[in-house]
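Features reported for this protein in Swiss-Prot:
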BINDING   Gly65, Lys66, Gly67, Gly68, Ser69, Gly70, Lys71, Thr72, Arg182, His328  ATP binding site
TRANSIT   1-34  transit peptide
Amino acid sequence: MVSLVNSSLTCSSLTLNLLPILRTETPSLSRKRRAAYVAATSSRDVNDTAADSSQKLTKFVTFLGKGGSGKTTAAVFAAQHYALAGLSTCLVIHNQDPSAEFLLGSKIGTSPTLINDNLSVIRLETTKMLLEPLKQLKQADARLNMTQGVLEGVVGEELGVLPGMDSIFSMLELERLVGFFRQATRKNHKGKPFDVIIYDGISTEETLRMIGLSSKTRLYAKYLRSLAEKTDLGRLTSPSIMRFVDESMNINSNKSPFDGMTSPAMWDTLERFLETGASAWRDPERFRSFLVMDPNNPMSVKAALRYWGCTVQAGSHVSGAFAISSSHLTSQIPKADFVPLPFASASVPFTITGLDWDKILLDQANSSIRELLSETVSHGTSLTQTVMFDTAKKLVTLFMPGFEKSEIKLYQYRGGSELLIEAGDQRRVIHLPSQIQGKVGGAKFVDRSLIVTMR
């Protein structure tokens, strides 16, 4: 492990090209004028989104922050905004908190509930989600007879949820909605893919694990392949297991990516499959995450900074930061702490009778958050480089916001071809270019960045 030394570094600023979005001329804008304006805005946004491809890809948006910081409020705000802009939007709730129902003024079920023509909402429940994969396994087993009828006797409705199942099954359901690995199979009420999926998960920690799932699974797959190909037990059992997986994925007319392949080809395909998934979380055109904080709560602000660094460690990026308040701000928003992220704020006043989303969305005080949401879903923003290589000086610069130097550990394995960074209960592997591969000569922590010197 290399010790870290303090110094200073200036972060580059972020350049934005803001889009025209919904604005209000007066608080009393008539519904007819509002509808016409929204229609024009919607047309621009949807056309911009689809301009570069004939097959529109579903965007995935989520929010990260401390519990009670306003993640659910931000998710509902974003869902209402995108729906108002004419984008087919699905808000996915994966918790039992009734807050979303209050914010929407509607009950949420385990199948999509239509709030309006552009907005659907669904609550994920793991007890329901585990039934469909079990059904597919049973159908595959009926063809292959691997368990000799034992699997057929399993009653899915009596199975409880074990730790870890929530993240696994939510990822499977989100794959159907978004299509990280293959084309999305779950459609809106018009039979078309959704334009935007807004996800409000169980917790920020669970969401971060989900974000890093594909990249982290690749190393496990590598070791499993070695076990399958180099041991007697692996050579005996892996062909049957791989065939079972192949058959299960072919159920319901979904052609398996492993269809008809040999075991080595299936492992190669799995590696490419996982890389496709990992690249989707890195792609600003597909994935957006926003930090959410209560500006009146210093702990909420500190947590947002930490989750920024944790997202980088998970192998993804943060697109912006939101300050959500139910009343007027009583403290100064710490925008400087989040440079170079774009920062926006919104006030969502609660009443006993519910929320008037037309009034909230068209409030000029909330224009900055609408601008940021529209910008990121339509064109994306310039993102801070989290890893930079200087081959001339043999330097590796790792942007690690939210961490102190004592919280970062640096390791090196595999003959100097990569670095292993541990921070925020996440491990990240940095593959080094051939020009700077070698042993670590030193490291220092400089204004939210770890600068490693190679020799």
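All positions are counted from 1 along the displayed chain.
Including glycine, each Cβ sits where the backbone N, Cα and C put it.
Quantities reported herein were computed from a predicted structural model and do not represent experimental measurements.
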Chain-internal residues near Gly67 (ATP binding site), provided their CB is under 8 angstroms and they sit 6+ positions away: Ser203
For Ser69 (ATP binding site): DSSP state (helix, strand, coil): coil
Per DSSP, three-state class assigned to Arg182 (ATP binding site): coil
Candidate with the highest Cβ count within 10 Å, taken from the binding-site residues Lys71, Arg182: Lys71
Around the Cβ of Ser69 (ATP binding site), the count of other Cβ atoms that are within 10 Å: 27
